[in-house]
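Undergrad: Relevant sequence annotations retrieved from TrEMBL are reproduced here:
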REGION    A:1-20  region 'Disordered'
TRANSMEM  A:31-51  transmembrane segment
TRANSMEM  A:63-83  transmembrane segment
DOMAIN    A:81-161  domain 'YdbS-like PH'
TRANSMEM  A:196-218  transmembrane segment
TRANSMEM  A:251-273  transmembrane segment
TRANSMEM  A:390-410  transmembrane segment
TRANSMEM  A:416-433  transmembrane segment
DOMAIN    A:440-504  domain 'YdbS-like PH'
REGION    A:526-545  region 'Disordered'
Amino acid sequence: MSGPETDRAEHEEHPGRQDLSRWQRLSPRSVLASSGMLAVPLVTALVLRVSTSEDPTRGLFEAAGLLAVAVLVVASAWWRWFFTRFRVTEQRFELRQGNVARSFRSIPRERIRSVDLTAPVLHRVLGLSVVRIGTGQRSEGDSELRLDALSTPQAELLRELLLRKEPGTSDTEGTGAAHHAGARNGIELATMRPSWYGYSTLTASLLLVTWAALASALSSLSDLLRAFGATSWVLERLPTTTEQALAGGTLWVGVLVLLLVLLLGGWLGALVISVEMWWGFRLTLENEHTLRVRRGLLTTRAVSLEKRRLRGVELAEPLLLRAAGGGRLGAVATGLESGASANGDNKALLPPAPRRVATRIGAEVLDGRVGFPPSERLRKHPRAALRRRMARAGLVVGGVLAAATTAPLLGPLPWWFPPVTAALAAVPAVLFARDAYRSLGHALCGEFLVTRWGTGVRRTVLLQRDAIIGWRLRQSPLQRLSGVLTLAATTAAGNGWYAIRDVDGARGVEFAERAVPGLLASFLERRDSEDTTPTEDERTTPSEE
Amino acid sequence: MIDTGSTGGAVRLRPPRHRVNRRALPWWGCRAAGEVLVVLAGMLLAAWWFSLWRELFLPLLVVAVLGCCYVVVMPWWRYRVHRWETTESAVYTASGWISREWRVAPMSRIQTVDTARGPLQRVFGLSSVTVTTASAAGPLSIDGLDHRVAAELAELLTRTTQATPGDAT
């Protein structure tokens, strides 16, 4: 929520532009921000050491040591600030850093794919924003330039300047006019609805995070209880043998209560996290060619994405969310460093929301050229794909059965234990396998390729056919036996490749050729011309001998 | 070659035209032998250090036999599979042995073309050509080419890709 700051930035528009073409420093307050991060733990440690050490001289020494560390931290932050300068010239963005180890980076402005603003709590208090400039070069390790930190108005100015297309660069038809014609605040495509927080709590990863937090909290709680002798009181009342345990009702009640507490606690924690993440979410379309996502309660994030970098969209439906009829919409775009930010946070276009909304916004973001097709329009995969998934389920059940048959070696268990556990495991395994098969599908929709897969998280990807820069076909020996293969379209955007799993060999190749006409054409042959076997092929062609 | 052996379509992807150089056979063989020897040496060291000769005799034998098979069979198998081809518009490679992989990249999307020669490749007069695109799916690489062929190929690819701009990033 960078409301007032944004407005200010937008008022003092053009005077600052000349400034940015000269060498600029980061905001002096960034020294405070970056050393402040360490100040809090340092000061606490200082106070603790001094107050608790019994030997006063030793305490003083330690305090002096910590103080020295603090001074070093501040000095290095200042050093970094002093020697960091950047400027924006007509053609390039240039960044100088460091003195001892100097670095000078200069990147053409047309290569800049995204400019993101983040403001953690401390930065927000100081009115600062961290600017990340993505160039979308995957080959280099650090393709991301990071300015930590600029004052928020200046950061906004920089963002606008870098993402504005200057006359003279490629596709500029009418952008200047559109830019000045207004739409400063952009066309609003979506804003947060209170009910969406509920959807986002259904994302399994959030639940896991809160469960982990809860577990660590519980373990400290159990320490506390042990201190008061509560644990031994419970332990005395716990049944000692298995038969007793299965017979007694208290255990089941206890387990039920524990489960309820876990579920409720996990859900509440997930709610808190999702509110922090998605508070004040807004998806806007600025200047007709830049999408902007703003969100965050404590840490605010603003991600900008040029529309010409958008090569498609992805709808992810984790199991729980899918059951509730929701989905998560993400961008498939170049220059969104999927590797660097492994959480994939910055590709989110929408919080977990009803599927209907996600598909509508997905279509809108792609200018309504295409929407997520309904299941019936997707081409089914061969039965071999189902057999492969069932076989995998069978392996899992076999593993469970093996574990269950060896379990009685550890202690007495009723004879029916192994078959019953195996049967219990088989039901979900088979259901998952069936669901995984049903999820599989692919199609061509206008200028887009559609592929869908997955059961734990079902993903549907719409990928622009123009953005496909090659094919990768893989076939394992087992796939070879059943005549299927995995066809992957490689692309510069998103993951780098999107696979169509377990598709029939011949149909897959045909599909690939239809998706990108001409690319595979010269490598295809009619099936009936079997006479050109590899060995003959070798003799007839002038290979390197 | 994608020989699906099942029903359906009338087309299939034919294998690329050119095989790699025959000298890739001993090169792959040497590399495989190196890998097997490292494993065997590790096991022998463990057997000697902890004096577990009796316990480790059978595993050692198994590893040695399997390793020999690997060293003998894998290069021939790879030689049957590894192929490459370039046309005016695309690069096409096939690789792997148990699992196979075919890759196609259009000339217009190629970003860099590198040739590399490791010490062992140098012994056999071989060279690898690596072609990268803007995709994170990894480069196309053609291993085991005669080093002169590789240099020619790299030059040809570089010339062709310079003529066709744009990498779809």
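One is the number of the first residue shown, and numbering goes on along the chain from there.
Note: Cβ is positioned from N, Cα and C throughout, glycine not excepted.
On this model, are these features tucked inside or out on the surface, and what's nearby?
TA: Residues in the domain 'YdbS-like PH' (A:440-504) partition by DSSP class (helix H, G, I; strand E, B; coil) as 8 helix, 43 strand, 14 coil.
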Undergrad: What else in the chain is close to the transmembrane segment (A:390-410), if you only count residues 6 or more beyond its ends and a Cβ gap under 8 Å?
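TA: Distant contacts of the transmembrane segment (A:390-410): 417-419, 421-422, 425-426, 429-430, 432-433.
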Undergrad: With Cβ-Cβ distances below 8 Å as the criterion, list the same-chain residues six or more beyond the ends of the transmembrane segment (A:31-51) that contact it, or say none.
TA: 59-60, 62-63, 66-67, 69-70, 73-74, 77-78, 80-81, 122-123, 126, 128, 148-149
